[in-house]
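> In case it's useful when we look at the structure, here is the feature table from TrEMBL:
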- 20-100: domain 'DUF3447' (DOMAIN)
- 136-168: repeat 'ANK' (REPEAT)
- 169-201: repeat 'ANK' (REPEAT)
- 269-301: repeat 'ANK' (REPEAT)
- 1-21: signal peptide (SIGNAL)
Amino acid sequence: MHVAILVLSIFFIFFISNLKAEITQESLHLACVGGNTDIINECLKERQIDEKCIQFIAESHNNKLLEYIIDRNLFDFSSPFTEIEFDQIIDSRNLKFVFLISEINQNSIIPWGAGFPETLEYLTECKFEFNTKNKYGKNALLYALENKCMETVKYLISNGVDVNIKDRKRKSALCYAAKSDCKEAVELLISHGAEIKSKSGYLRFTTGAIDKNAFHYAVKNKNGEIIELLNSHGADFIPFIKEAIASEDKEGIEFFISRGFDINTKDIDGRTPLHLATVFHQREMEEFLISHGADINIEDNHGYTPNDLKC
């Protein structure tokens, strides 16, 4: 192994010395992934360690290289990170990286460090503003929810973090909990005042654009328990039923029925799913809905039954 590294170093130095190859910042990035200090030192003659280098080092678990950089002060860890993709670092689960840089600057892991359950003790000792956001609009609570760090979630909520906080894309804490399939977090957020119908962008459906919220993520994941929980607190099935009907998704309709949806529920115009299937000229869907209890005599706001809407 050491021989291979030595040969690679010699080849690299020969290549740049004799072929006049340019050392780019990308060369340094790739060298950080490889971890060959000889090559890195050659690159450092013309380039400097940047945040991308630090990210690659974290993702590749090259912590010896990180210690090498720290010992030689090759990077300023005192300034806030602005370019690093924190989600990728969290996905790498490189906990040693987190603690190495936190020893230099405890604020450097705020708020994204909450994505590691092992940092809870550190966070409880570190005095910081819980609602502090980074460039993505994410605070410690959103990172903890995204990574199902429930003890951290409980700690933050019990200490007054904003349960209705949203990221830069307007995705709420409740959306993060639902997307993570974490019923416990959904229950906890609701019990502390999280808004069920808080909007976070729009969904483009066949039947039109609708507000995206936590219910959307629960439906997308087909998490029946979270769907039932949100429905019991006033979440709206109707847009998803409309889309299921428009796309003739019988399995989707059955799923909603199994989770407590009343097949005769009306929309804002007083129309039931059977009305909609009739409008869409979906004979098979009409029969399917009737077989599941749809009322053929129910009237919409204009007094029309489903049969009245047939051409």
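Easy rule for this one: first residue shown is 1, then count along the chain.
Placement of Cβ uses the backbone N, Cα and C atoms for every residue, glycine included.
No curator has checked TrEMBL annotations; they are predicted automatically.
In the displayed structure, how are the listed features positioned relative to their neighbours?
When averaged over the domain 'DUF3447' (20-100), pLDDT in the model lands at 88.
Non-local neighbours of the repeat 'ANK' (136-168) in the same chain are 86-87, 90, 110-117, 119-120, 123-124, 130, 174, 176-177, 179-180, 182, 184-185, 188-189, 192-195, 198, 200; each lies 6+ residues outside the stretch with a CB under 8 Å from one of its CB atoms.
Below 8 angstroms of C-beta separation, residues 241-242, 245-246, 248, 250, 253-254, 257, 263, 307, 309-311 of the same chain, each at least six residues beyond the ends of the repeat 'ANK' (269-301), sit close to that stretch.
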